[in-house]
Protein chains: 2
Amino acid sequence: MKAIPFADQLILPDLQTSGIIALSGGADSVCLTRVLCQMGCRPVLAHLNHQLRGNESDRDAAFVVQLARAENLTLELDSVDVKSRTEEASLENVCRGIRYEFLLRVARKHHASWVATGHTADDQAETVIHRILRGTGLQGLQGISPKRMLGENVEVIRPLLKVTRSEIEAYLQQLGQSFCSDSSNLDSQFTRNRIRHKILPVLKEESPALVELLGRLAEQAGEVQNYLGGLAESALRDCEAARAGRTIVIKRKLLPSNDVLLKEMVRLLWIRENWSAGDMTQNHWSSLVAMIRDGQARADFPGRIRIINDGRVLLLEPF
Amino acid sequence: MKAIPFADQLILPDLQTSGIIALSGGADSVCLTRVLCQMGCRPVLAHLNHQLRGNESDRDAAFVVQLARAENLTLELDSVDVKSRTEEASLENVCRGIRYEFLLRVARKHHASWVATGHTADDQAETVIHRILRGTGLQGLQGISPKRMLGENVEVIRPLLKVTRSEIEAYLQQLGQSFCSDSSNLDSQFTRNRIRHKILPVLKEESPALVELLGRLAEQAGEVQNYLGGLAESALRDCEAARAGRTIVIKRKLLPSNDVLLKEMVRLLWIRENWSAGDMTQNHWSSLVAMIRDGQARADFPGRIRIINDGRVLLLEPF
């Protein structure tokens with residue numbers, strides 16, 4: 001058996017518990033499968049056919065069946081007609097949503113505690129660049145999390161997040177392991193592909209270690225964001241009173257005195273309440289903080305959330 | 001008199017106190033001079049001839065003399081032979097050091113409380129991209145500070161940091177105000193110029209508002225860093241004992257429990273003690289934190305700083 005050359009860069013799940021691998025058939029998830037098997041793990045493979053690339057999608061599904069057989073692993077295969085369910089523009093997001101629903105379903109069925117995906121250091125770099133180009137704060141600079149909860153007791157984990165695509169391809173070649181290529185990765189109508197094929201090469205010419213540097217930046221942003229999140233949680237506990245139905249009640253006198261912390265605290269509240277945090281821009285958060293500080297009587301925010309400054313308390317509610 | 005179209009984006013110094021403008025003769029600092037004059041300010045102009053571009057340097061000096069005359073402002077002109085004092089590689093840094101020394105001297109002579117420089121939103125975006133390509137954490141993402149202390153009671157301020165270069169050039173054209181072009185801005189041996197002429201255009205094609213977005217990212221990084229800095233200062237006050245000569249003594253039991261805060265605290269200490277913080281990479285800071293946590297007995301860090309874990313105290317000292 002060949003040693004795994006990037007073994008010390010792996011972010012491993014608990015190999016003693018059962019887990020799922022999200023297997024597209026591409027180099028990254030095929031590598032992930034081979035690596036985890038080599039480490040003595042017996043994951044269940046999960047493949048969702050999005051039916052977006054005609055014969056190519058079917059070829060990928062057939063490849064995955066073969067790989068499962070070769071590795072003697074259980075395979076959960078499903079198929080969905082995404083195209084009929086969505087518009088072109090939001091296609092990527094819709095696919096992601098459907099895919100993670102499927103993965104959670106498979107995890108539940110097999111009593112798995114983790115779902116591993118094949119995201120690489122290059123994916124991380126592309127995500128960070130994408131966020132920067134779209135406009136981001138510290139929150140977005142974290143890029144892809146190495147681990148996050150997918151549902152109760154089920155975690156998504158990215159074992160290859162510190163391994164580069166070229167390390168992965170070299171390893172597969174060494175194993176003589178084939179994999180599928182996704183022709184839509186070349187389609188320049190997707191921002192992601194323009195970043196991969198046009199923007200990153202220009203940046204790497206100036207900074208050959210860029211993928212690693214962006215990975216470290218994302219990691220540091222994650223550490224700081226995590227620390228701030230903890231402080232914000234504790235600040236929220238200090239100033240939140242019992243809720244009145246759908247209305248959140250905050251004691252103004254106990255609000256954190258620092259604006260960075262206050263902004264983080266209200267963001268946390270938005271996420272906890274499932275209000276549409278995604279529709280709040282940096283400007284919205286800043287003006288929310290300003291209105292709380294100024295004692296401005298009332299303002300409405302995206303997602304139909306109303307804030308009322310009512311003397312000693314601050315009321316936040318959907319309307 | 002024409003209204004200043006970007007008046008609400010200006011970061012203004014206290015116009016009631018005397019100040020200096022660092023005037024190169026280029027569009028940015030010429031614009032800055034006209035803008036501050038128009039707002040009723042009577043700054044002293046300061047121009048340092050670096051003698052790096054032969055006739056062009058002399059032409060710039062002559063232009064500056066004319067502008068001072070036209071605006072009826074005091075001009076401090078000095079000249080330095082930088083080339084004989086440095087090697088090519090570090091030229092930019094050496095020039096910057098000499099220039100700020102000169103500006104502080106002029107500020108002292110005129111009892112000025114501020115020195116304004118012409119840095120623009122484009123300079124900020126270029127700096128942030130440069131830092132990202134070189135590898136940066138949150139600290140570096142702040143880019144150019146809108147204000148910082150240059151010496152006791154003298155502050156550097158960047159009034160145009162939120163104004164784009166194209167807004168500046170449009171305004172000068174509207175005034176019929178000429179300015180000097182620096183031919184070295186086209187020299188692609190300087191990283192800065194490659195970022196300006198090659199990298200930023202590719203990024204802006206994908207993200208037309210990039211300059212503004214990077215400005216906001218830098219601002220947010222500054223806010224968070226500022227907040228962390230305050231927490232770290234207070235953490236340091238809590239755990240530092242009286243120093244023993246050149247040795248810093250830290251009570252281990254009172255160290256902050258969070259690693260982000262601990263890292264920020266030691267960084268602060270490095271800066272306060274004038275140890276070479278610039279030679280410490282992210283990896284150095286991380287391994288410093290790890291050695292403190294693990295109770296590892298002793299380690300040396302760049303700039304000849306030795307850390308000794310001595311039971312209840314941690315000793316830090318130059319050797």
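Glycine residues also receive a Cβ, built from the backbone N, Cα and C atoms like all the rest.
Counting only residues at least six positions away in the same chain, the Cβ atoms of B:H47, B:D60, B:G118, B:C180, B:D182 sit under 8 Å from the Cβ of B:S24 (ATP binding site). Residues annotated as ATP binding site in TrEMBL: B:S24, B:G25, B:G26, B:A27, B:D28, B:S29.
Look at TrEMBL and you will find B:20-198 tagged as domain 'tRNA(Ile)-lysidine/2-thiocytidine synthase N-terminal'.
Close to the recorded ATP site, the chain also has B:L23, B:V30, B:C31, B:L32, B:G118, B:F179, B:C180, B:D182: residues not among B:S24, B:G25, B:G26, B:A27, B:D28, B:S29 whose Cβ is within 8 Å of the site's Cβ mean position. For B:D28 (ATP binding site), applying a Cβ distance below 8 Å and a minimum sequence separation of six or more within one chain yields B:G118, B:H119, B:T120, B:D123, B:L160, B:R165, B:I168. Fewest other C-beta atoms within 10 Å: among the binding-site residues B:G25, B:G26, that description fits B:G26.
Under the three-state DSSP scheme, B:S29 (ATP binding site) falls in the helix class.
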